[in-house]
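Per TrEMBL, the features are as follows:
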- 5-32: domain 'C2H2-type' (DOMAIN)
- 33-60: domain 'C2H2-type' (DOMAIN)
- 61-88: domain 'C2H2-type' (DOMAIN)
- 89-116: domain 'C2H2-type' (DOMAIN)
- 117-144: domain 'C2H2-type' (DOMAIN)
- 145-173: domain 'C2H2-type' (DOMAIN)
- 208-235: domain 'C2H2-type' (DOMAIN)
- 260-287: domain 'C2H2-type' (DOMAIN)
- 288-316: domain 'C2H2-type' (DOMAIN)
- 318-345: domain 'C2H2-type' (DOMAIN)
- 346-374: domain 'C2H2-type' (DOMAIN)
Amino acid sequence: KEMKFECTTCGKTMTTRHSFNEHQRLHTGEKPYKCSQCDASFTIQTNLRTHMRKHSGEKPFVCESCGQCFRNRSTLTVHRRRHTQERPYACTVCGARFRQSDSCKTHMRIHTGEKPFECNVCGKTFANRGNLPSHMRLHTGERLFQCEYCGKKFTLKGTMQKHVNSIHNPQNVVKPSSSSLGRRLVKVETVQEEYCGVTTSTLAGGCFECSACALQFSRQTEFVVHMAGHNGLEVLSCTVCKKLCVGQEALERHTKAHKHVCEICGKNFTSSNNLTQHMNLHLDVRPYKCQYCDVAFHRNNSLWSHIKARHNYGLPAYQCTHCNKRFATPSQLTHHLRYHTGERFHACELCGRMFVNRSGLQRHTRRVRMGVRERD
């Protein structure tokens, strides 16, 4: 008779004492397996072995379709679903499908309102575990995210991204054109009401010259304020982010973005609909479903792009007899069938290894040339 070990805490049963002991550590918090290279510790030895690959760089699990390598088998399993379009986990409320069970559980909290992750400082709760560490940094003052342009540090990634977009965005820079004298010039006509987002950076080795009165400026802000005066335009500052806008109309267009802000990454949107579709990306909600196949999308425009590319505007498609997936052209179907048959037509000239598609071969070739070893 098979022996069973039952956990008195949660009722789960195990068939071996070893697995029972490992399970008990989940409740006690004991982590006896410690990394010799950092302070990390683990409840089971398998997790330690996977962690050690971070230090060694070892990635023994290789995707046979594209050649991408992974540290553990479970990550590879999830990755493969990108190629097969498999989404085995379905929301029982709205039908949204997911590649991972954790993503499905997180999504379900939208319907249930459950927020199981609580801040022990202020009591604020979160539906997603990943949001709690970001929130805790507001209390500790820790700033992990540094601007690559000016070095300023931020507590939240979203706040840093907002800073980069408003201060360092290339679209917000007045770019002077070269003159016959080799000086950097910007003409009056370039400063119009639609211009928005003047920064305070200085161009190394160059200056801004007014073509109306020949005055020169080293700072973009001073230059644009001066140029706006020639055009009879008022330079206004946004009360939220201090960005400068030329003209009242430009300021009004800019401030609309602050009305719809993503709480997760800080990105701004001009409409609630755009924000909703953006939030679908964070929550992995896919409400836009293809009527010709089982694929679903975060955004409506992504769905239509898919229909145009894969189903030729809904005309009769070529269907796979193995999985019923449909394709717009015979060549797409032929390429897809190789995932089922295992046929490999693309060979590496360096080692002879075969791949299902060209992208997998190209990835493999780059790794070989860099001297990265791959396991068969």
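Yeah, the Cβs are placed from backbone N, Cα and C, and that goes for glycine too.
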The domain 'C2H2-type' (61-88) versus listed stretches 117-144, 260-287, 318-345: most Cβ pairs under 8 Å: 318-345
Secondary structure content of the domain 'C2H2-type' (61-88), with strand meaning DSSP E or B: 12 helix, 4 strand, 12 coil
Secondary structure tally of the domain 'C2H2-type' (89-116) (DSSP, helix then strand then coil): 12 helix, 4 strand, 12 coil
Please compute the mean pLDDT of the model over the domain 'C2H2-type' (145-173). 72
